[in-house]
Amino acid sequence: MDKQESFFVGHKSHRCSQNRSVSQIHQRTSRLSECYTVPLQWPHGIVWHNNNSLLKGLEAGNGQSVQTDPSKSGFVGDTVELKCLFINGKPPVKISQVTWQKLINGTKQNVAIANPALGVSVLTPFKDRVSFKHPAVRQRTPSSLEDTTIVFSSLRLSDEAAYICEYTTFPAGNRENMVNLTVFARPVTKMTLTSPTIVARTPKRKMPVATCMSANGKPPSVIKWDTTLKGEATFQETRNPNGTVTVRSNYIVLPSRETHRQKLTCIVTYRSERFTDSVILNVQYEPEVKIEGFDGNWYLNRPNVQLTCNADANPPVTVYQWKLLNGSLPNNIEIKNNTLFFKGPVTYELGGTYVCEATNSIGTRSGLVEVNVTELPNIPFDEREIPAELHSSGAAIGGAVGGVALLVAAIALLVFFLRRRQRTFKGDYSTKKHVFGNGYSKAGGMPAHPPMPKNLQYPDDSDDEKKPAQISGPGGFESGDRDFDGNSEDLKRPYFTVDEGESRDYDERTLAFQYDPEPEIADDMVSQTDGSVISKKEWYV
């Protein structure tokens, strides 16, 4: 190194001797973008235009560079390293000085300086917390300045900034690079009950019951609630002077007996970390009273009956008081704590409305029960005992009834089918028969009117004179070629065949019976394909 070095600021030259202190040199090099350390004799081929042009020309010509991390981060109180490496080129250049600077709002503040001849200097604000990592640099006269990484310890929020590592070289000039340092503040999280005593009063009002707070965090935390309790949450952020943020959230509910002993969980998320805290609500409320012991079956002479006053309260009930509406309590009772014992058998005098009042420090509530006394026990039907023999006899009777019902149904069906089959044709089995409408005739032909008996037999219960009646006159029918005997077998038949159209005339003029309008075939008749029927005897022949 030459005895004299020249610091150029703009187009002006400043000379400083080599024996000057580091602090004096540091003051000269505070504006790194404008001041360069170069020899008085310029290298051949370099033309000075301005400081930036010189820097670019040296970079292009020699290829020196400074390597740093793009960014670094740490929490308050932690230790972090800011790397700075100098990559020399060919031919190599000579490192005259290394300077670390802090850039805040466009202003540069020197942090540490390493000079091969003058040693290492750390400025006062960082003196106890910043040091060079490489042992060769920490020597009184640094032997190597190619690795000038610094170590930040006990980080503070004020350390957050951009830091510049600048190398002053000969004859290449200055090389620099920058690293951004971010400082995080881990918040302090806690959850508390809003009030040590939460009271459910009348009228009911909403109130905050728990508070979750994440204080002095950077960046701010996110708070959520996890609970089955119905309510709503409020959130508030406060920015502190040091750059941290305090987040506060209250959970608001309507205090009641149902909210007592409910669990509230606060979930705080800070970056990738998660914190949880829980509280159990302690809600004080008036007693909830219910009287038990009356089962609706207090009958005369029933022994050992009692009434119990059960109260759900927080804090617990301290006083129980019994009374009977519209009267005084019977003489045969004994009160122990919350129970009313009735001595002796039940009588009608025990009936009435019993009231129990329960009192705690929050208030007094009451419950009542209406006691009715009956003469006989009220035994539910499903609880009555049925003898075993009744069970067996009932099963037998049920089986018998079921069997009889099935038998009757079978007989009815059999009778029905038999009666239908008994409706047969009452003629003889002589010749082939044809069906005409609803009546029958022989194959020889159909007369104008079927032969009718001259006398009809009246039923025995008829009111008219029971004697044969002559059918004659203009309204009568011709007897044809055949004479009928009043005592013949044909007249004793209950029906005879007529044409359907003529049957109406018979109904109007005679006492003849009406018949089924549908043709019926006897069991000894066989139906033919042409619509006729013949007797089985003729069919087999």
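Quick reminder: no glycine exception, Cβ is built from N, Cα and C everywhere.
As recorded in Swiss-Prot, the features of this protein are as follows:
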- Cys84-Cys165: disulfide bond (DISULFID)
- Cys212-Cys266: disulfide bond (DISULFID)
- Cys309-Cys356: disulfide bond (DISULFID)
- 77-182: domain 'Ig-like V-type' (DOMAIN)
- 187-282: domain 'Ig-like C2-type 1' (DOMAIN)
- 287-374: domain 'Ig-like C2-type 2' (DOMAIN)
- 440-507: region 'Disordered' (REGION)
- 1-21: signal peptide (SIGNAL)
- 22-396: topological domain 'Extracellular' (TOPO_DOM)
- 418-541: topological domain 'Cytoplasmic' (TOPO_DOM)
- 397-417: transmembrane segment (TRANSMEM)
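Cys266 (disulfide bond) carries a strand DSSP state (E or B).
Counted within 10 Å of its Cβ, the other Cβ atoms near Cys266 (disulfide bond) come to 26, all protein chains included. Mean pLDDT for the topological domain 'Extracellular' (22-396) in this predicted model: 85.
In sequence order, Thr189, Lys190, Met191, Ile223, Trp225, Arg248, Ser249, Tyr251, Cys266, Val268, Asp277 are the residues of the chain that are 6 or more apart from Cys212 (disulfide bond) and have a CB within less than 8 Å of its CB. Under DSSP, residues within the domain 'Ig-like V-type' (77-182) fall into helix, strand and coil as 10 helix, 57 strand, 39 coil.
Every protein chain considered, the tally of other Cβ atoms within 10 Å of the Cβ of Cys165 (disulfide bond) stands at 26. Here the Cα atom of Cys84 (disulfide bond) is found 82 Å from that of Cys309 (disulfide bond). Cys165 (disulfide bond) and Cys309 (disulfide bond) have their C-alpha atoms 83 Å apart, to the nearest angstrom. DSSP places the residues of the domain 'Ig-like C2-type 1' (187-282) in helix, strand and coil in these numbers: 3 helix, 58 strand, 35 coil. Note: the domain 'Ig-like C2-type 2' (287-374) comprises 3 helix, 50 strand, 35 coil (DSSP; helix = H, G, I, strand = E, B).
Neighbours of Cys356 (disulfide bond), defined as other CB atoms within 10 A of its CB across all chains, total 25.
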